[in-house]
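Colleague: I have a structure here, written as structure tokens, and I will follow up with some questions on it.
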Amino acid sequence: MSSVPLPIAEGDDIKKPRKRNEEDEANQLLPSSPASSSPRRDPDLDPEPAFESREKILIFDMESVGPIDPDVAPPFSWKKLWLFTGPGFLMSIAFLDPGNLEGDLQAGAIAGYSLLWLLMWATLMGLLLQMLSARLGVVTGHHLAELCREEYPNWARLVLWAMAEVTLIAADIQEVIGSAIGIWVLSHGAVPLWAGVVITASDCFMFLFLENYGVRKLEAVFAVLISTMALTFAGMFADTKPSGTELLTGLLIPRLSSKTIRQAVGVVGCVITPHNVFLHSALVQSREVDHQSKGRIQEALNYYSIESSIALVVMFTINLLVTSVFAKGFYGSEEAQSIGLANAGHYLQKKYGGGFFPILYIWGVGLLAAGQSSTITGTYAGQFIMGGFLNLRIKKWLRSTISRSLAIVPTIIVAVVFNTSEASLDILNEWLNVLQCIQIPFALIPLLTMVSKEQLMGSFTIGPLLQRVAWTVAAILIMINGYLLLDFFISEVKGLLVGFIVCAFTTAYVAFIVYLLQYGSVLSSKWINSVSSKFSRSRS
């Protein structure tokens, strides 16, 4: 029967069996739960793991000599780092999806190099949250959506699931449209937007089919896509030759004016994507980790931290290149206010001309790679979110088909309605950003609540200092996104009826956030008590 494996505390002896009367006494002291009191529970009711045992990558001690202390992490090994490399790079794709690219180019065109420092700090905040997500997945053996399903009441769980699905659809529309625009650019408009959406959806299923041949094959595909993005955007940087001095100044000296506040909010908002928090806690389970050994858990956390840091340094560098290119070419120009994904390539071509490989095609290839890779990870996240919140016992390919259809159908409708109208696509993008901003608290609050609970995390609970830092980061992100929402509704919402609906929604929205915060401060569900009971029995 599935259970949440927890770390072994100091002084535990996992080989010493507990006496019968001691076990009975412990069961009387601890609250009962369906998981612990019914040994004949239907296994179909247990959560479906993110990865089956046969799918996981085994981690071997290739360089260990002599006995191994189960409470101490083995020494660093480059070979092991390579085996753990993969989940962090899949997670990092969300930091360079088409929505991020649009935020980068608009920040560069409107604010120049002045927001590069904010991009750096936003990436660092994102790294902290993603490392906490990985920590939760490694220590508990379950991902965030599963834990939310077990911890919160049914009504709250369904609200969280609905919000996650809405924001995933919003992100998916941006990603698929971005990929379709890349195809449209490369085909000189011969392939319409709706056809690009269909092609992107088909490619996504083809790449996910590679998962049947092992996680490593899928990770290799992402390595190719990330390399493509790095090469194309580095090529654009080399062609345009932005100022190194201004780049370093923008990176090291914080500057913010009233004219660039909206771009600043967009830079931070694009970096933190709610579905990515759910995704990373599931991806780290693709490696086999011995949950009975504190040393092995700590080892996995160490390697995932290194890998995630490297991945986000790569993504930050690519974002930096894109922002610098548009800062050099369009800052202070007439085109700055109207530039977007659909016309960026043509503006670049007009500004910098052709060459052996025209910059228009370089932009198109990079945009296509960004859209395609983020679409695949979005599908991946969708199947984990749906399976985790609802505990659907269906085949992965069927769950992927359902979650993909939820996004593809509205995306095709959007593509047919908006086509390549630049103004319409910009308005659509603003609404999609709002939908994603709304979900931010409903991913961060459950995450921080759970990694702060000793009953769930054992000795791997984050300390008071890290808790304060993490909650401060979450509060900053929530306030920034709250500003974006307020600014958007003030400028877009008109009419008494619409205003009343928005006010009612805002009241319910804030009330649910308060509920999650209050619930988290007294987190003591039957499921947590059940986990504690199993943990106590495993210690003796």
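Just so you know, glycine gets a Cβ as well, placed from its N, Cα and C.
Got these off TrEMBL a minute ago, pasting:
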type: REGION; residues: 1-49; note: region 'Disordered'
type: COMPBIAS; residues: 29-38; note: compositional bias 'Low complexity'
type: TRANSMEM; residues: 81-98; note: transmembrane segment
type: TRANSMEM; residues: 110-129; note: transmembrane segment
type: TRANSMEM; residues: 221-238; note: transmembrane segment
type: TRANSMEM; residues: 310-331; note: transmembrane segment
type: TRANSMEM; residues: 352-370; note: transmembrane segment
type: TRANSMEM; residues: 406-425; note: transmembrane segment
type: TRANSMEM; residues: 431-448; note: transmembrane segment
type: TRANSMEM; residues: 469-490; note: transmembrane segment
type: TRANSMEM; residues: 496-517; note: transmembrane segment
Colleague: Looking at 81-98, 110-129, 352-370, 431-448, 496-517, which one has the highest count of Cβ pairs under 8 angstroms to the transmembrane segment (469-490)?
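Modeller: That would be 431-448.
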Colleague: Which stretch from 81-98, 110-129, 221-238, 310-331, 496-517 shares the most C-beta pairs under 8 Å with the transmembrane segment (352-370)?
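Modeller: Top-ranked stretch among 81-98, 110-129, 221-238, 310-331, 496-517: 221-238.
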Colleague: Taking 3+ C-beta pairs under 8 angstroms (sequence gap of 6 or more) as contact, is the transmembrane segment (221-238) in contact with the transmembrane segment (110-129)?
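Modeller: Output no: the transmembrane segment (221-238) is apart from the transmembrane segment (110-129).
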Colleague: Grab the same-chain neighbours of the transmembrane segment (310-331) for me: Cβ-Cβ under 8 Å, and only residues 6 or more beyond its ends, written as numbers and ranges.
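Modeller: Here the qualifying positions are 88-89, 91-92, 95-96, 100-101, 104-113, 115-116, 119-120, 123, 126-127, 130, 226, 229-230, 233-234, 236-237, 240-243, 246-247, 250-251, 339, 344, 347-348, 351-352.
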Colleague: By Cβ distance under 8 Å, which residues at least 6 away from the ends of the transmembrane segment (110-129) in the same chain are close to it?
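Modeller: Beyond its ends, the transmembrane segment (110-129) has Cβ neighbours at 95, 104, 242-243, 246-247, 249-257, 259-260, 263-264, 267-268, 271-272, 277, 308-309, 312, 315-316, 319-320, 323-324, 327, 331-332, 336-337, 444, 447, 469-470, 473-474, 476-477.
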